[in-house]
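These features come from TrEMBL:
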type	residues	note
ACT_SITE	117	active site, pros-phosphohistidine intermediate
BINDING	11, 59, 87, 93, 104, 114	ATP binding site
DOMAIN	3-140	domain 'Nucleoside diphosphate kinase-like'
Ligand code: CMP
C-alpha cells in the first residue's frame, strides 16, 4: 500500500459546534496521522479560489459564503491510501447517504454544511495541500 497525503478541512458548521477533537479522533482511529494542522478564517475570495472547480455550480456562492462564515481547521492527513481512506471516514457528501459511523453521518447538518472536506485524487490532494501549507509546516 502506498503512503499518501490528503488535504482535509473541518468546516465552519463543525468548528462552531466544537467538534474538532471528535472529528480528529475519527481520523486517528482509522490510522490516519495529522501531519499538519491550523485553524484559519478564510475570506470569501480565498474560499472561492479553493473551490474554483465548482464555480459554475448553482451552489458555488452559497458554498463560498459558508466556508468564510466562521473558522475552519485545515489539515494534512497521512497514511496508507490516505485519500480513499479519508473519503471512507468522511462518508458520502450528502449526510442522508452517509454510512453509519462516518463523520458526515454523525455530525453533518446538510449537503452544504457537511462538516468536512477531503481531496478526491492524488493530483488534487497535492494542489490543495500546497494551497494552505508550505513544505516546512508538514511534519510526517
Ligand atoms: P466538499 O467535499 O467540500 O466539495 C464541494 C462541496 O460543495 C461539498 O463538499 C458540499 O459542501 C458542497 N455541495 C455539494 N453539493 C451541494 C449542494 N447541492 N448544495 C450546496 N452545497 C453543495
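Yeah, the Cβs are placed from backbone N, Cα and C, and that goes for glycine too.
What you are looking at is a predicted structure, and each value in this text was computed from that prediction instead of being measured.
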Which residues, sitting 6 or more apart from residue 87 (ATP binding site) on the same chain, put a CB under 8 Å from its CB?
118, 120
Whole-number answer please: how many Å between the C-alpha atoms of residue 11 (ATP binding site) and residue 117 (active site, pros-phosphohistidine intermediate)?
7
What is the Cβ neighbour count of residue 93 (ATP binding site) at a 10 Å cut-off, with all protein chains included?
15
Taking helix as H, G and I and strand as E and B in DSSP, count the residues of the domain 'Nucleoside diphosphate kinase-like' (3-140) in helix, strand and coil.
64 helix, 28 strand, 46 coil
Reported as an integer number of Å, what is the Cα distance between residue 117 (active site, pros-phosphohistidine intermediate) and residue 93 (ATP binding site)?
9
The domain 'Nucleoside diphosphate kinase-like' (3-140): mean pLDDT?
98
